[in-house]
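K.L.:
Have a look at the structure that comes next, please.
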């Protein structure tokens, strides 16, 4: 529920108009902010939009420091100070947004996703094809390294085996790296109006998920071309992808808000992802490289990305249903990551409007 300290539209418009070119009446400010928000990302035409306009209009109406600005300067100072307190309260989002309130902002979320997609591929000739070209080039390089030079490739159609692991990892790593600065990049929007801040990293992860799904569909086409068919196990792929999305979204929520407070999070994440990449079962399966049970267990189960790679590879490459242990791990990891990530985000989001 939105804080009761946020003024209504009527009270926001009733704030005295400030003389001078540096200020404008609250009603004009509301229209200006609404236009700005529509340009950046459209605000939903519902009660959340009215709250946002009222808060930003109150924020725009600032008292003139000169005592000659208007008669009754004491009451003006009091009302404007109250308006500023209301704006800070709303923009910092001290309360938690319920699922129903989040759904009311779905139009804002859609606009953020569309804007992110446009910015991601704007001016690019190949556009979204780059998301496929990149793992294709990496696949060729790693195939030469592991399949030819070190002869670790013990799988039929090893390039396809390698491609499945690469695209899953690329979604995971790029979603986290892109979400780290997401709140800072949208600082102007955060300062303008109250809305669920979760939509910002959520939009970043969704854009990565869209491109990942398209590339995965192309991998499925290659699988059909190579093997002539797809097995019925492919029907489990949507369930695995939803779990993967929830898992990455939970991590992205935590990473984005932590990076806002501690700017070392993004470079630390970049440094950690590199060894994590080589310790993940992308180029091989754990049993391919070691006979030690402890090492196999660590690579397969301690690494939280490994079961997701294995699950996608099972249904898309092997054409088999993942084991019950893998499916259970995937579902539990996704649930825990989403709950913990959202708890961290909600616990640290109070001062976002001041920090960004």
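Using N, Cα and C of the backbone, Cβ positions are placed for all residues, glycine too.
A quick note: this is a predicted structure, and the numbers were derived from the prediction, not measured.
Per TrEMBL, the feature region 'Disordered' maps to 54-73. Positions annotated as transmembrane segment by TrEMBL: 124-146, 158-184, 205-226, 232-258, 265-284, 326-345. The annotation domain 'ABC transmembrane type-2' is assigned in TrEMBL to 126-348.
Describe the structural context of each listed feature in the structure shown, including burial, neighbouring residues and relevant distances.
P.N.:
Here the transmembrane segment (158-184) has Cβ contacts under 8 Å with residues 131, 134-136, 138-139, 142-143, 146-147, 190, 197, 200-201, 203-205, 207-209, 211-212, 215-216, 219, 222-223, 226, 244, 248, 251-253, 255-257, 259-260, 265-266, 269-270, 273, 277, 280-283, 305, 308-309, 312-313, 316-317, 352, 356 of the same chain, all six or more residues outside its ends.
Same-chain neighbours of the transmembrane segment (205-226): 109, 113, 116-117, 120, 128, 131-132, 135, 157, 160, 163-164, 167-168, 170-171, 174-175, 178-179, 234, 237, 241, 245, 248-249, 252, 312, 316-317, counting only residues six or more beyond its ends whose CB sits under 8 Å from a CB of the stretch.
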K.L.:
Cβ under 8 Å, sequence separation of at least 6 from the ends of the transmembrane segment (265-284): give me the contacting residues as numbers and ranges.
P.N.:
142, 146, 152-154, 162, 165-166, 169, 173, 176-177, 180-181, 255, 258-259, 299-300, 303, 305-306, 309-310
K.L.:
Below 8 angstroms Cβ to Cβ, which residues of this chain, lying six or more residues outside the transmembrane segment (232-258), approach it?
P.N.:
168, 171-172, 175-176, 179-183, 197-198, 200-202, 204-205, 208-209, 213, 216, 220, 265, 269, 304, 308, 311-312, 314-316, 319-322, 330-331, 333-342, 344-345, 348-349, 352
